[in-house]
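This report concerns only the one structure given below.
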């Protein structure tokens, strides 16, 4: 380490499960968003997610690390892919719960809104053109 204020992150001791923490140093222990890539010494101020994108490369928001070993890149790609799959699975489960709770699928919900709008339109006299708001004046 070049600077004594930088701290090597021990992911197992800190309870962090994300493998990205194994490849960074912290600039300040209290600031988990500002980290330094141990492969190329690049300072990343956007946190561990951006650091993983930096290691893997191919992301618009992060410049690819040219010194990242291939096995680290593969490990990060695999981890990020598995996390994405978990998120998709959770979203699907949430949709199922909403369907069970409310008994409506997305298409039914849209139809219900349209039918309520039609009832409102009919009861207000159809169109609001003419400035009368659907009311008749004599």
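For all residues, glycine too, the Cβ spot is worked out from N, Cα and C.
Remember, it's a predicted structure, so these values are computed and weren't measured experimentally.
Note on TrEMBL: of 38-72, 73-107, the range annotated with the feature coiled coil is 73-107.
Per-residue pLDDT, averaged across the coiled coil (73-107), gives 83.
Beyond its flanks by at least six residues, the coiled coil (73-107) meets 18-20, 52, 55-57 of its own chain at Cβ-Cβ distances under 8 Å.
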